[in-house]
Amino acid sequence: MAPNIRKSHPLLKIINNSLIDLPSPSNISAWWNFGSLLGICLITQILTGLLLAMHYTADTSLAFSSVAHTCRNVQYGWLIRNLHANGASFFFICIYLHIGRGFYYGSYLYKETWNTGVILLLTLMATAFVGYVLPWGQMSFWGATVITNLFSAIPYIGQTLVEWAWGGFSVDNPTLTRFFALHFLLPFLIAGITIIHLTFLHESGSNNPLGIVSHCDKIPFHPYFSLKDILGFTLMFIPLLILAFFSPNLLGDPENFTPANPLVTPPHIKPEWYFLFAYAILRSIPNKLGGVLALAASVLILFLIPFLHKSKQRSMTFRPLSQMLFWLLVANLLILTWIGSQPVEHPFIIIGQTASFTYFLILLILFPTIGALENKMLY
């Protein structure tokens, strides 16, 4: 029999083992689609970003005009820009759902895969932040000023660190230039870490909704899940295209239609919707350093999740108490997202503080406690 090139060629063999003959659990649900959706998001963002970079000028006097020029005068420039801006939102929707899936079904017990995933989330957040600054609108400028200024809360080296990051004494031309360089570089770093993420995943194989070992019942990735993924791509691209064509500025901030002006502060400085939960946690503490620590902890807490798993069952499928707690956490995050978009006044302050406290309470104390309690009830 002639050797199959797909299985013998050094490069094709890697692709074959990752995307074609990959043994996959037979019972994984649509929640397992989000990994491939994130891959498609990354490819789309890199391609649209590359096309935008060809028309963008990283200079404070030209950045805003160059974006306007791209939308007005470049063939389909408006579409590329709208896909890129809204593609970021879909990227975050997918990654949050992907993390939620991992949390619900106990996928975090594959520690290396989980930790590289958290590093990917942090890199994605950094990429989105520096990218938001590039159009050099009012919210771009003031968002950059407020968030980079947080580093000044670090004792002793803070102020030096901020001035070093700015390349001067305020957010100005050097800042914009380096942010553009970083925004160009980081997606390729994300692509590299993604390969590491997949390497670790393929060491152990995928988890499944039952949270049990599935070695006895595997099926090839192609055609079963490759087809299922194509359906996922379609279901994601349809809303993305609707958003890009019909209401491209729905998720943006109206302040960004005004060119950056260091002399005029917008009434409410707030980041894009996907950072609002963390922004609410930052604002809930009336001390600068405390707020920065809480902000960092709100994301870095994900590294602790594998160590807080006290249940004898991996998945939450058969753990109703943990399920209730999980959906309480989801509701809590939605409340934080809403609070982050509101002005700092009564009653939003106290709601934000309560929701921030509850967020850490659920993750650090209630989840391990309920896990141990369920063990007592079940075994």
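Just so it is clear, glycine is given a Cβ too, placed from its N, Cα and C backbone atoms.
Note that this is a predicted model, so its numbers are computed, not measured.
Annotated in Swiss-Prot:
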BINDING   His84, His183  heme b b562 binding site
BINDING   His98, His197  heme b b566 binding site
BINDING   His202  ubiquinone binding site
TRANSMEM  34-54  transmembrane segment
TRANSMEM  78-99  transmembrane segment
TRANSMEM  114-134  transmembrane segment
TRANSMEM  179-199  transmembrane segment
TRANSMEM  227-247  transmembrane segment
TRANSMEM  289-309  transmembrane segment
TRANSMEM  321-341  transmembrane segment
TRANSMEM  348-368  transmembrane segment
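Sequence features annotated in Swiss-Prot and their locations in the structure.
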| residue | record | Cβ within 10 Å |
| --- | --- | --- |
| His84 | heme b b562 binding site | 20 |
| His98 | heme b b566 binding site | 21 |
| His183 | heme b b562 binding site | 22 |
| His197 | heme b b566 binding site | 21 |
| His202 | ubiquinone binding site | 14 |
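In this chain, the transmembrane segment (348-368) lies close to the transmembrane segment (289-309): three or more C-beta pairs between them fall below 8 angstroms, excluding pairs fewer than 6 positions apart. Panel annotation: around the transmembrane segment (114-134), residues 56, 58, 63, 67, 88, 91-92, 95, 98-99, 102, 107-108, 140-141, 143-144, 147, 175-176, 179-180, 182-183, 186-187, 189-190, 193-194, 196-197, 200, 271-272, 274-275, 299-300, 302-303, 305-306 of the same chain, lying at least six beyond its termini, place a Cβ under 8 Å from a Cβ of the stretch. Rounded to a whole value, the Cα-Cα separation of His98 (heme b b566 binding site) and His202 (ubiquinone binding site) is 17 Å.
Contact between the transmembrane segment (34-54) and the transmembrane segment (289-309) is not supported: fewer than 3 Cβ pairs lie under 8 Å, counting only residues 6 or more apart in sequence.
Reduced to three states, the DSSP call for His84 (heme b b562 binding site) is helix. Residues 18, 38-39, 42, 45-46, 49, 53, 56, 58, 113, 116-117, 119-120, 123-124, 126-127, 130-131, 133-134, 144 of the same chain lie 6 or more positions beyond the ends of the transmembrane segment (179-199) yet place their CB under 8 Å from a CB of it.
When Cβ-Cβ distances below 8 Å are used as the criterion, the transmembrane segment (227-247) is approached by residues 30, 33-34, 36-37, 40-41, 79, 82-83, 86-87, 89-90, 94 of the same chain, each at least six residues removed from its ends.
You'll find the Cα of the residue listed as 'ubiquinone binding site' roughly 30 Å from the Cα of His84 (heme b b562 binding site).
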